[in-house]
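Visitor: Below: one structure in structure tokens.
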Amino acid sequence: MSNNYFNTLPLREQLEQLAKCRFMDISEFPDGVEALKGKKIVVIGCGAQGLAQGMNLRDSGCDVSYTLRAAAIEEKRQSWKSATENGFVVGTYEELIPTADVVLNLTPDKQHTPVVNAVMPLMKQGACLSYSHGFNIVEEGMKIRDDLTVIMVAPKCPGSEVRNEYVRGFGVPTLIAVHEDNDPKGEGLALAKAYAVGTGGHKAGVLMSSFIAEVKSDLMGEQTILCGMLQTGSLLCFDKMVEEGIDAGYASKLIQFGWETVTEALKYGGVTNMLDRLSNPAKIKAYDLSEELKVIMRPLYNKHQDDIINGTFSRVMMEDWANDDVNLLGWRAETAETAFEKTPAGDVEISEQEYFDNGILMVAMVKAGVELAFETMTAAGIIADSAYYESLHETPLIANTIARKKLYEMNATISDTAEYGCYLYNHACLPLLADFMKDIKTDVIGKGLDLEDTGVDNARLIEVNAALRAHPVEAIGTTLRGHMADMKKIV
Ligand SMILES: NC(=O)C1=CN([C@@H]2O[C@H](COP(=O)(O)OP(=O)(O)OC[C@H]3O[C@@H](n4cnc5c(N)ncnc54)[C@H](OP(=O)(O)O)[C@@H]3O)[C@@H](O)[C@H]2O)C=CC1
Ligand SMILES: CC[C@](O)(C(C)=O)C(=O)O
Ligand SMILES: [Mg+2]
Ligand SMILES: [Mg+2]
């Protein structure tokens, strides 16, 4: 691709940038939001990230206002309502950008080039431009005025949960970076750190990263385990339960709230804790199913990562941008027509434990997806800390959106970039798992194991427990969760 910045780099630099990832200790944030004090922050766009980040920054003591495209103001669009109803000043580019010290570009990735080209001429000398995803810089090779500082503060989390975790007194893991081509005053890192504190990210964990490392990991996590796997798993599990005679309302509820319930165990204690919530026979069953799933799906995970690294994914998605999002909009409409999406959750009581006992296959899918995504990212040069945030830690945050309003809410809350990649994965994974699903019965999805005796072979149980704990995602997870003292229960 002519404009793909990553593809212009020699392999040595590509590997160096992919490996940029240093966990920042809380002691590195002694100044809090001080670097932003007295500075005007103007947010472009008030959507999923824009509203959440702006509210967190204001609550952290920062001066925040929103600039929206003229049509959004004239037509009083949702973005205008979100900003004004929350008491923010809203103005046009011409009114607010010239006064801004820091401009947060929180518009959709597909709009970044026209938006940045529109606002850059209005930005005052020496101001700062910030992104929450590196796509425009890395995949499109956007060049920014030399006097401007360019930073990235990327929450590893859907916008709604960026706000919800902040309100709970916690935060979400965040990657920060300073664009090496644009740090003329050497203040980029101080601004990025203060911004991360302002959104609450420092309470969950901040990685000193790079635009390249963030893009190549974020695209991979969102397309596979975080959104693609949960979408594919929802559709396959629902259809299988109904096919096997399970009440559709029960099936719908088990899935809609099941991902959130089983992944809450993941968030607190990793894959090990999630499987420890099962009976010994169910744990061994879930383990065996996940190993089978990993063999089947590994080529798909490798293909997604390869296409992200070499720019094929970006090229294909940008062809849809140029075609008025015809695929994205069509796939969104198709998803809305699925039986799972159209079947309301039944008015039935399901206990927290029942979600585990009757959702063994869901547990297996989460384990397989988390481990595969982590393995594939680290094999591509992404550092374990980043791969952990992008696979295991964010899965429950995405599951929270499904619990609200199913796949509709997930796909409405994540970025259009993520949604596009989720559908690509879903379209490839549904047929890939067709044969596997033929052998699935209600003992692993819908009814649970019908056991008089929950005895198991000791040697096999010891082998499974050891394998769970030995996966590298568990070690890095224990370390990083050790820094999350403020994590709050959701379920
Ligand atoms: N969604 C998420 O959870 C995450 C997103 N990100 C990144 O954050 C950034 C923002 O994504 P997200 O919050 O999902 O975006 P949304 O689609 O939720 O919101 C986009 C906002 O931008 C405005 N907008 C759209 N097109 C234009 C345009 N051409 N000119 C000016 N404003 C425009 C929209 O307002 P209107 O249409 O009313 O004018 C809306 O206010 C992206 O870079 C994304 O990759 C990063 C992490 C997670
Ligand atoms: C998981 C999708 C995401 O990367 C995110 C919420 O972090 C996005 O782009 O929306
Ligand atoms: Mg992400
Ligand atoms: Mg993303």
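The backbone N, Cα and C atoms fix where each Cβ goes, glycine too.
Note that the structure is a prediction, hence the values are computed from the model and not measured.
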Visitor: Using only what TrEMBL says about Mg(2+) 2 binding by Glu390, Glu394, identify which of Asp181, Asp183, Asp218, Asp239 is listed for that site too.
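Guide: Between Asp181, Asp183, Asp218, Asp239, TrEMBL records just one in the Mg(2+) 2 site with Glu390, Glu394, namely Asp218.
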Visitor: Given TrEMBL annotates Cys46, Gly47, Ala48, Gln49, Arg77, Ser79, Asp109, Lys110, Gln111, Gly159 as NADP(+)-binding, which of Arg58, Arg69 belongs to that site as well?
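Guide: The candidate from Arg58, Arg69 that TrEMBL ties to NADP(+) along with Cys46, Gly47, Ala48, Gln49, Arg77, Ser79, Asp109, Lys110, Gln111, Gly159 is Arg69.
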Visitor: In the structure shown, with every protein chain counted, which of the recorded positions Arg69, Lys110, His133 has the densest set of Cβ atoms within 10 angstroms of its Cβ?
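Guide: The most densely surrounded of these recorded positions is His133.
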Visitor: Between the binding-site residues Ala48, Lys110, Ser415, which lies closest to Glu222 (Mg(2+) 1 binding site), Cα to Cα?
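Guide: Of all the candidates listed, Ser415 is nearest in space.
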Visitor: These are the binding-site residues: Ser79, Ser279. Which one scores highest on other Cβ atoms within 10 Å?
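Guide: The most densely surrounded of these binding-site residues is Ser79.
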Visitor: Hey, does DSSP put Ser279 (substrate binding site) in a helix, a strand, or just coil?
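Guide: In three-state terms, Ser279 (substrate binding site) counts as coil.
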Visitor: Measuring CA to CA, name the entry from the binding-site residues Cys46, Arg69, Ser79, Gly159 that ends up nearest His133 (active site).
Guide: Gly159
